[in-house]
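Features as listed in Swiss-Prot:
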BINDING   Leu119, Gly123, His124, Leu125, Glu243  (6S)-5,6,7,8-tetrahydrofolate binding site
MOD_RES   Lys228  N6-(pyridoxal phosphate)lysine
SITE      His227  site 'Plays an important role in substrate specificity'
Amino acid sequence: MDIEIIRKTDPEIADAIEKELIRQRNKIELIASENFVSRAVMEAMGSPLTNKYAEGYPNKRYYGGCEYVDIAEELARERLKKLFGAEHANVQPHSGAQANMAAYFALIKPGDTVLGMDLAHGGHLTHGSKVNFSGQIYNFVSYGVREDTGYIDYDEVERVAKKHKPKLIVAGASAYPRIIDFKRFREIADKVGAYLMVDMAHIAGLVAAGLHPNPVPYADVVTTTTHKTLRGPRGGAILCKEEYAKAIDKALFPGTQGGPLMHIIAAKAVCFKEALTDEFKEYQKRIVENAKALANALMERGINLVSGGTDNHLMLLDLRNTGITGKELETRLDEVNITCNKNAIPFDPLGPNVTSGVRLGTPAVTTRGMKPEDMVEIADIIVNVIRDENYKEKAKERVANLLKKYPLYEDLI
């Protein structure tokens, strides 16, 4: 990108962009929902397609001059269907939350009962939190994980489903480190006559690479973000069976959105093309290898993890025996140039603004090229920061030495 063009018009924004790039280069990024896009994806986001209004769908627009953005959207849709083996795809959602909203609007009515994963147990705001539209428009009931194992309690899911008879069951999570049994969810949904929706936002890249079971054969509707493990632009997408295609498309436009962001849809198309390659599959394998290496190194050093490890790209540190809260550790790590987020753990005695846990993920560090031995180094730094308030300078030195080996966006600015 040419930062000087921006600087001539708006030096304050240019300065903010430049400093953010420096931050990304000089910190170890362990937020599980973040990643670094390819230059091709980034360039597509800054393309002239940003100028084009295109309400509607390809070949059914409410504006003229859409012949080339139609090509971009068709490519995105076809690539996404191929990636996950879906019958229908909608690539217009501006975010994962918008994708979820459209799915709800398509399948159920206000006031209907929905069964979703408890936010405190690893679910998402849009899975029924009372502070979110989902918990205000619909009657959500929740399931969670077993206190003794940290795994989803599928027997509880079935009991709650039989008791409340939901119209829709939502599977998927934002902080769950284990494989999700979509087949079991389908069986439970069928027993109570419910639709099954899967939110695979966090694991979409792993699913695309065959490293996590694919929800598409089991779910009526699947939603996702296009960033996170998929490594695309910030946005959402919806996959569904053909019988729900018309309802999904109508719920998205005109139901919940107006004009789509065509520059973002083009970037999604680029991302999906990248995800169809063998290189992407190998990259996803490295994400999981790094996650397991980081998790094992933390546990070997006495740190408890929710569920005792990970099957995917993320893990939850249970800090209750360390004398430090999630909020405190997030701050301490940020001070030594490691970025993460505090996160509630199941049955957390502390509030969501403090928490007894921290969530870590490996997509971004894997994108930089880091390997399992680097995860051991990162784990050792984290444990020393937890146990010694005076370790800050040594930790910063170790972080800087590690990052020197893995430059990021060297030619960007």
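Every residue gets a Cβ built from N, Cα and C, even glycine.
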Extent of the (6S)-5,6,7,8-tetrahydrofolate binding site in Å [max Cα distance among Leu119, Gly123, His124, Leu125, Glu243]:
30
From the Cα of Leu125 ((6S)-5,6,7,8-tetrahydrofolate binding site) across to the Cα of His227 (site 'Plays an important role in substrate specificity'), what is the distance in angstrom?
18
If I take the alpha carbons of Leu125 ((6S)-5,6,7,8-tetrahydrofolate binding site) and the residue listed as 'N6-(pyridoxal phosphate)lysine', what is the distance between them in whole Å?
17
Restricting the comparison to the binding-site residues Leu119, His124, Glu243, which residue's C-alpha is spatially nearest the C-alpha of the residue listed as 'N6-(pyridoxal phosphate)lysine'?
His124
If you run the three-state DSSP split on Lys228 (N6-(pyridoxal phosphate)lysine), which class comes out?
helix
Out of His124, His227, Lys228, which has the highest number of nearby Cβ atoms, where nearby means within 10 Å of its Cβ, if these are the recorded positions?
Lys228
Conformational class of Glu243 ((6S)-5,6,7,8-tetrahydrofolate binding site) under the three-state DSSP mapping:
helix
Within the chain of Gly123 ((6S)-5,6,7,8-tetrahydrofolate binding site), which residues six or more apart in sequence place their C-beta under 8 angstroms from its C-beta?
Gly116, Met117, Ser129, Ser142, Ala173, Ser174
When DSSP states are folded down to helix, strand and coil, where does His124 ((6S)-5,6,7,8-tetrahydrofolate binding site) land?
coil
Neighbour count (Cβ, 10 Å) for Leu119 ((6S)-5,6,7,8-tetrahydrofolate binding site):
24
